[in-house]
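**Q** After the structure tokens below, expect a handful of questions from me.
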Amino acid sequence: MMKVRPVERRDLADIFELAGKTGVGMTSLPQNEQHLAARIERALNTWQGSLDPGEQGYLFVLEDSEQQKVVGVSAIEVAVGLNDPWYNFRVGTLVHASKALNVYKSVPTLFLSNDHTGYSELCTLFLDPDYRKDKNGPFLSKVRFLFIAAFRQYFSRKVIAEMRGYTDEQGRSPFWESVGRHFFSIEFAKADYLSGTGQKAFIAELMPKHPLYVDFLAEEARAVIGQVHPHTAPARAVLETEGLQYQGYVDIFDGGPTLEANTDDVRVVRDSSKRTVVIKDYDIEDYDIDPNGRLYLVANDHYHHFRAILMNTHLSDERLRLTPESAEALGVAAGDSVRIVSLFAPETKR
């Protein structure tokens with residue numbers, strides 16, 4: 001059975017192995033054992049309540065319980081930019097006009113921005129390529145919203161997600177070549193790694209403080225502004241079906257889009273509800289425990305021992321019927337409450 005749970009120290013080796021499969025462009029999961037160990041400790045301290053909001057970050061793992069192996073990760077930063085500045089480019093417009101010459105021209109620009117300071121961020125989503133099936137991707141992504149819904153008080157009024165921008169098969173970023181290289185004089189992979197390991201001072205020191213004219217960039221760089229890496233397209237689609245939208249902010253390194261939404265307007269947060277657990281063995285006559293029913297995200301309400309699974313069922317009343325195996329995976333007993341929501345919006349066919 002596949003289940004999502006909070007990260008534990010014993011997961012370090014599996015996460016390090018996953019980090020080796022990400023490729024260039026995923027700044028939040030570098031293959032650096034010391035950094036990953038510190039990231040795990042920060043998550044554990046977040047759950048223990050010993051960190052300020054600007055330092056808090058939750059890290060979840062997708063575990064194949066049969067193989068006893070972590071095969072995916074996803075995370076939430078509680079409030080970005082409160083300790084270290086949060087940078088992106090805002091895609092804007094400057095107007096150049098002259099009545100004397102009868103000239104009026106609007107010019108697209110890139111402004112260095114800290115506009116998302118204090119927002120909660122969805123990040124560090126990565127699934128082992130061998131497990132990119134059976135709805136594991138949407139499960140690992142959307143379970144974060146179910147956690148936010150259950151513990152809404154810990155998160156901001158807005159949620160954002162930086163999407164990995166376009167790089168070619170050699171890891172080359174056209175946006176970086178046309179923008180970042182001129183200010184940093186280092187390779188994209190190096191800047192990407194430094195940022196991912198928390199060494200971000202160089203961004204503030206070297207990035208331009210004045211708007212950049214998009215028309216001055218190479219054509220291939222202009223073409224990838226707001227575009228995602230092909231491998232990231234499914235993750236973007238998942239978030240967009242939940243209500244997140246591109247509002248004209250892009251990553252300063254690769255030009256990838258930032259998606260955002262009001263937290264309370266995200267479908268999973270808005271539509272999730274609570275049910276009381278009833279435990280019974282599967283019966284072919286049982287309408288509720290049905291392999292052909294709608295697919296649902298189900299999670300317990302335990303903050304420190306959060307667990308979530310996918311299950312097919314029909315909701316007929318305020319109770320949720322679970323098999324003993326599902327109840328054990330969730331860590332719940334009869335009479336406990338769980339939070340549930342359909343994995344996909346009712347009008348979305350999957």
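In case you wondered, yes, glycine gets a Cβ from its N, Cα and C as well.
Feature table excerpt (Swiss-Prot):
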ACT_SITE  HIS229  active site, proton donor
BINDING   LEU125  succinyl-CoA binding site
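What's the neighbourhood like for each of these?
**A** Secondary structure at LEU125 (succinyl-CoA binding site), taken from DSSP and collapsed to helix, strand or coil, is strand.
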**Q** Could you state the whole-number distance in Å separating the C-alpha atoms of HIS229 (active site, proton donor) and LEU125 (succinyl-CoA binding site)?
**A** 14
**Q** Identify, in sequence order, the residues in the chain of LEU125 (succinyl-CoA binding site) that are 6 or more apart from it along the sequence and have a CB within less than 8 Å of its CB; answer 'none' if there are none.
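**A** Result: VAL73, SER74, ALA75, LEU140, SER141, ALA235.
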